[in-house]
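Everything below concerns the one structure shown next.
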Amino acid sequence: MATDPLVLDGLDAFYGDSHVLHDLSLRVRAGGVLGLLGRNGAGKSTCIGSIVGLVRAKAREMTLYGEPIQGLSPERISQKGVGVVPQGRRIFPSLTVHENLTVAARTPSREGWRGWSLEDAFSAFPRLEERRRQFAGSLSGGEQQMLAIGRALMTGPRLLLLDEPSEGLAPQIVAEVARVLKELSRTGLSIVLVEQNVKLAMEVADDVVILNNGRVAHAGPVESIQTDGELVEQLLGVY
Amino acid sequence: MNFWVIQGLNGLAFGSLLFILAAGFSLIFGLMRVANLAHGAFFMLGAYVGLSAIDNGMNFWVAILIGGLTVCVLGGVMEGLILRRLAGQPLAQVLVTLGIAFIIADGCLWLWSGDPRPLPMPSELQGVLRFGGLIFPKYRLFVVVVAVCLAGALWLLLERSRVGAMIRAGVDDMEMARVMGIRTSLLFPLVFCLGSALAGAGGVLAGPILSVYPSMDTDMLPMALVVVILGGVGSLGGAFVGALVIGFIYSYGQALVPDLAYVILFLPMVLVLTIRPTGLFGRRLV
Ligand SMILES: Nc1ncnc2c1ncn2[C@@H]1O[C@H](COP(=O)(O)OP(=O)(O)O)[C@@H](O)[C@H]1O
Ligand SMILES: [Mg+2]
């Protein structure tokens, strides 16, 4: 459907001469959560980088709500409504917590705006409000992850991409991230969730795509991997 | 006693000029990682343009404006037409700015000839102020006031405005700034033009103290580099403190041990870098 939040069809991605993603296709349904899984080095972050315009990519189709985004700059793609929580969080360390949020903020413009205001960010993550005047570089890993999520939502995304948001976090923080993701999904936000934590992905995702060596190795509803332990074992390693 | 106060004020005034020069350099380097070696030439060009404006009957304040604007436009053109095409190639960028520095220097020599020219100060700032038995030239005090106001204004812009936060976000992590929708392609020319305008206007401001002469660029660029390296690249406060330190050292050094002026100028830089490679106030650059 032309109104799908994200359609990638036949995508190839490159770092210089090295060809990393091959003929990758996937689709995010409106209001759905797509879990993007795969071992280390499978190409998940490269896929995210291609969508946001940081990695050189070619595709037969690459559309956001039916609008082509291929070849646009990262700024333009962001303005069209793609929010990102990057791997490793990458908050702006020398800006305060408050500045990290406001620097990304956009005024509600679009129909069906689901972006956050500062108040929304602070009510979702009260810890951030306590530390609002602190430099973001001084936050703990979990706090930085909350900040990265808050920052992405301040841009008012129609599609949210998260790259391993549970990486390196304590279990109770992972649970908090999961809670926020489910809430966001319930408000109808469309999400791509890259995860190594298969349990978290199964808890949140509606559909899954598993990458292996830069190719789609499996795609289907989340139930398709819940029931097939062998497949998970083979494509995702020990779990 | 009098000697120390007079040289101290000279140092303060010279340090103020250095700050105006170094702030622009530091700003550009901090955001774009371009060491603009044409910055000294921008300073000199501004001074010459201001001189011509005054020769043509304009007053000093208009001359500062014209000197600043001319160099602002030149900086914008250089960024937009050349440096942007060389994004991600720092060595090529530095070499280009060095080439442009030479071109400007030769162009100035050709247009304004080789004779040093004094730049007349505005009549309202001629003369001296007296405090007790001490005498202060008004113009030097004025330059100090300008530098302090400029430091305050730049601080407000960088630390207290949204555009400033965007610039700092770009300094921290350029890719993420873009992915968050910050239009760095607009911030770059803005910062480059601002830094260049400061150099150009600073050159005119320096004219009445330093005069305008052909090697002004190569005299001033190393000092700006020392200031920025001493204070820490990309740090406004560092540039301020570094400029004052170098201003004092230069002033007293010239008066006390003129033969060793360069030694005592560069020695503190070498010492600071040995002990603290990021400079006095530097943040680490990724
Ligand atoms: N900047 C880069 N330059 C060259 N190759 C890269 C770069 N980033 C990742 N790769 C390669 O691309 C492949 C996919 O990496 P990535 O997308 O980061 O995997 P994942 O996120 O699934 O762990 C890996 O083989 C990796 O070595
Ligand atoms: Mg990755």
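Just so it is clear, glycine is given a Cβ too, placed from its N, Cα and C backbone atoms.
According to TrEMBL, the features are:
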TRANSMEM  B:12-30  transmembrane segment
TRANSMEM  B:37-54  transmembrane segment
TRANSMEM  B:60-82  transmembrane segment
TRANSMEM  B:94-112  transmembrane segment
TRANSMEM  B:139-158  transmembrane segment
TRANSMEM  B:186-211  transmembrane segment
TRANSMEM  B:223-249  transmembrane segment
TRANSMEM  B:256-275  transmembrane segment
Stretch in B:12-30, B:60-82, B:139-158, B:223-249 most in contact with the transmembrane segment (B:37-54), if contact is a CB pair under 8 A: B:60-82
Considering the transmembrane segment (B:12-30), which listed stretch of B:94-112, B:139-158, B:223-249 counts the most C-beta pairs under 8 Å: B:223-249
Paired segments the transmembrane segment (B:186-211) and the transmembrane segment (B:60-82) in contact, 3+ CB pairs under 8 A: yes
Folded-back contacts onto the transmembrane segment (B:94-112), same chain, C-beta under 8 angstroms, at least six residues removed: 34-42, 44-45, 48, 51-52, 78, 82-83, 86, 212, 214, 217-218, 221
Positions whose Cβ lies under 8 angstroms from the transmembrane segment (B:223-249), at least six residues beyond its ends: 8, 11-19, 21-23, 25-27, 29-31, 39-40, 147, 151, 154-155, 158, 171, 264-266, 268-269, 272-273, 278-283, 285
